[in-house]
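Data first, discussion second: the structure below is written as structure tokens.
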Amino acid sequence: MDQAVSVNADPDMPSDSEGRSSRWRNWTGFWLLGLCNNFAYVVMLSAAHDILKQQGSHNSTTPTPSTVALDVEGGKRSRYDCSPVSTAAVLLADILPTLMIKFSAPFFIHNLPYGTVYLLGVIFASVSAGLGELSFLSLTVFFSRDVLGGWGSGTGGAGVAGALLYSGLTQAGLSPRNTLLIMLVIPVAMVFSYFFLLVFPPSFPQWKCREVESVRGRDSQSRQPLLNDTDEEEEREKGAEGVFIMSGLLRFVVPLGVVYFAEYFINQGLLELLYFQNFYLSHAEQYRWYQTLYQVGVLVSRSSLCCVKFRRIWALSLLQCVNAVLLLLSVYYQFLPSAWLVFVIVLYEGLLGGAAYVNTFYFISKEVNRQREFAMVAASVGDSLGIAISGLIAFPVHRYFCSL
């Protein structure tokens, strides 16, 4: 990637006439967009244990008193309090539509105006997290780079708000079903933040196709769509440039994918097996609070961009893999003395994951000069791919432990 020219340039820094109020409105708008976009996804993962119990015809979230459970197929008793299906099933149902969108959309999403993409993202709930992340990440290139901090902090806030509200309301006695119904008000906040908070630059193609904007000469080099309706030779050049950009993004995408593979293997593959019988919280409650503390760590680290920036994403991926190995061994040998220690590890795990996410996209926006929109969209595949792979691996791991 060409980093020699204006590598540190901030795209579309607002003029003095726009003032600080516009920047704060944009930062707040992206914070709310991040929160609303990830809210349902996080709530589904926090509710995974309850969803599977409901599927198994259990009407309450209270676990059986015994520390052992029947292996459904073999009729054997396991030393783990296992549900018949791993919570990775909920993870895969949550992430696969997002992954399919992220793999395909970078090659056609530039042909849709942002307003249309946004409304589609609100309408189709299952796909909205992936479609929303694609459109909002690419949207950041039209604003000053500090809105990435708002987006990152908002997505972290979604984790805490979703997990904490779900854990708190269910523990207070509200049924999981009614708790999820209450949270249907979130799309209203997304509508407000997009249409009433953001201050768009005059050249922003909100309701017009990019081709029209390109003809009018409004597209800068960093925003120019990857594929235009031009002659075949130019399209081939654009395609080659896209491949070159993708190859340059691997140094960001691969470490980000490893981080998310390790942490979601922990969250949806191991944490449901780390049940401490003599703890004052039930199995379902322990699982919910594992998820909540993980999201607290994510919020803190995703909100840290204004204070500290960390370029070595590979180091974060290595540390996250150490966490995964440690907790995998702890599940097998059961050497951890209390859930309190797991709480600390899970909080630390969230700090690593959030830092990897927000720093990855910050440095992509900083170091990619051409096709910045495409780069932001394409790089977002990394975390979703890592999550999907972790969900697939979590199934045999769950089956193995529940057969012991």
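Every residue, even glycine, has its Cβ placed from backbone N, Cα and C.
Annotated region 'Disordered' per TrEMBL: 1-21, in sequence order.
Residues or ranges marked as transmembrane segment by TrEMBL: 30-48 (among others).
Annotated transmembrane segment per TrEMBL: 85-105 (among others), in sequence order.
Sequence annotations record features per position, and here TrEMBL assigns transmembrane segment to 117-142 (among others).
The transmembrane segment feature in TrEMBL is assigned to 148-168 (among others).
As annotated by TrEMBL, transmembrane segment applies to 180-200 (among others). When Cβ-Cβ distances below 8 Å are used as the criterion, the transmembrane segment (180-200) is approached by residues 18, 22, 25-26, 28-30, 32-33, 35-37, 39-40, 43, 47, 118, 122, 142, 162, 165-166, 169, 174, 206 of the same chain, each at least six residues removed from its ends.
The list of residues near the transmembrane segment (313-333) in space but at least 6 beyond its ends in sequence, with Cβ under 8 angstroms from a Cβ of it, reads 80, 252, 255-256, 258-259, 262-263, 265-266, 270-271, 273-274, 342, 345, 348-349, 352-353, 355-356, 359-360, 397, 401. Marked as transmembrane segment by TrEMBL: 313-333 (among others).
Marked as transmembrane segment by TrEMBL: 339-362 (among others).
When Cβ-Cβ distances below 8 Å are used as the criterion, the transmembrane segment (374-395) is approached by residues 86-89, 91-92, 95-96, 98-99, 102-103, 105-106, 109-110, 130, 133-134, 137-138, 140-141, 225-226, 242, 245-246, 249, 252-254, 256-265, 268-269, 357, 360-361, 364-365, 368 of the same chain, each at least six residues removed from its ends. Per TrEMBL, transmembrane segment is recorded for 374-395 (among others).
Below 8 angstroms of C-beta separation, residues 87, 90-91, 93-94, 98, 121, 125, 128-129, 132-133, 136, 140, 143, 147-148, 150-159, 161-163, 165-167, 176, 179-180, 183, 186-187, 189-190, 192-194, 197-198, 267-268, 272, 287-288, 291-292, 295 of the same chain, each at least six residues beyond the ends of the transmembrane segment (30-48), sit close to that stretch.
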